[in-house]
């Protein structure tokens, strides 16, 4: 069939048949595709920048629709773009609050962050090290002038209860039966509150050290008896490292079931600075300044009144009885403190004072005056022992003995123990700072000290003496306890007066020079040793550096037989001892007899060879009081050349080797795969000691091996092998003091 082709088309019929298609096309043109906004549907000649978040850029006829759209999905606020707006004080304070939520900032954080390398340690942001690469300058400053370190990250806890209850409670926790004689809290030296004590808390079951701590009792009058205060409520402040905070709080809460002791974190914790060095007294006396002018004016007025009364009596010839003003207890105590503080200028070293003695002072705010910056020559200590004559030395020794003999508990009476005074000082910081700034702007000479500005503004401060090494007094100084909010003002003033700031690395170096252990890096008994951030940071850096270096240039630790080159593996020694005991379970009777013979021989041989008696007494105490698998802290000094490094291995020498070392013959022996030397311990911190002029380290030896080996007890000799070599270095060891 032939198809029919129409010649004419009617428009009405054609449009009626295509209306559905046209409606669909119109709807598709008006509707948006995907996640498009209304601003994107506009033609290109009407589009403007920043139209999505700025309504004024949109045409007027479409603003209502876009406002509804923006209400559903509001635009994100962009960060402050310009540096000028970011550097405004309000915006900076908000940003500091945001950044200090994860890791707590100290009051001197901003000062340290501009000058030192900061690390995240123990939940705080702390100054780890200075920009100096070498540590020789730190030793010179600590030995000749003064060094300052911020210890306000140590947390202060307050214990309130009856005196006898506090003593009995802490006697359960403190390690009283160790080989080292720690002084307990109940000792009469500390009960009056005029001296600071230190001890360590230990677990009874596992015999693991939780942490060392420092404590101070509240004030008791000098004339009263201590026995009268047994049933009276008293306070103790305890300073604890933040690494062991949770463990210690859980331990105390488990023992304090009846709640007869209130143990809580101190509100408005005071800040703490440690100043080390012989010129620490001169630095403190430049900053801690009294209101002496006001006292002198009062004395002059009293003298004038007495002269007027005498003149009137001569004229009238009548006897007048003048009423003598009786001095209060506070005035007499203040005079005694001022006399002691003035006499401290003439003392040669802080080590000549009593260990841990406390002195309380009411001091003017250091923001009222500016301390002149000390020059390099002024930083060095003026009264050095080498420059003094014999007569001057005798004077200083006599004066120090007088102060030690007359040191009473009245010197430690302070307002810091009161909550209300601490709150008032903290709340009144902003007002005092504004007033001081306003008055300083009016003065022609703002550096001049004036007591008339704030006669009532006094800040209570505690000064605590810290001991160093007993031989030279290195590392001795003072701890300054300051109320919260005033740390930055005192810090800047102390730095300008001559004290050089240091970090945690330099503080660790000073502690090892004195022969003391540093917590938690040198306390393997504590559980926080394996969780300490400083050890992990150093070990991670060393391991990353070793992995990045080429195989041909890095040390081959497998060749030297070292399994853990970056961290001391004390668990391997315990495993080896347990395996050795399991093999010898059959011959227990014979082994017990041999051990008893060896212990008796240790005692006799040491006395016959005129060995140090203290060493023998310490070994006998260790046999009874410490477990068989425990480790003993020791200090190691190199006999010949050679540096003792961290994570080095310790071995005991044979008889022939010990004879060579005692006769001062050359000792050149290397480690080999067929070597018979048994591993005994590890070194936790090692360095070259500038005070001794040789290698020095702090390490740990297994107690079981020390009792077996007689040669080690006779001559106290140890062989040290670093992880990066095979040479044995001979060294002597002694028991650590803390």
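Each residue, glycine too, has its Cβ placed from N, Cα and C.
The feature compositional bias 'Low complexity' is assigned by TrEMBL to 590-601.
Taken from TrEMBL, the feature domain 'Pop1 N-terminal' applies to 81-159.
Here TrEMBL flags 477-570 as domain 'POPLD'.
Per TrEMBL, domain 'POP1 C-terminal' is recorded for 679-734. Residue counts for the domain 'POP1 C-terminal' (679-734) under DSSP (helix as H, G, I; strand as E, B; rest coil) come to 12 helix, 32 strand, 12 coil.
TrEMBL lists 66-93 (among others) with the feature region 'Disordered'.
Taken from TrEMBL, the feature region 'Disordered' covers 301-332 (among others).
Per TrEMBL, the feature region 'Disordered' maps to 577-601 (among others).
Counting residues per DSSP class in helix, strand and coil order gives 29 helix, 21 strand, 29 coil for the domain 'Pop1 N-terminal' (81-159). For the domain 'POP1 C-terminal' (679-734), the model's pLDDT averages out at 87. Within the domain 'POPLD' (477-570), the DSSP-based counts of helix, strand and coil residues read 40 helix, 8 strand, 46 coil.
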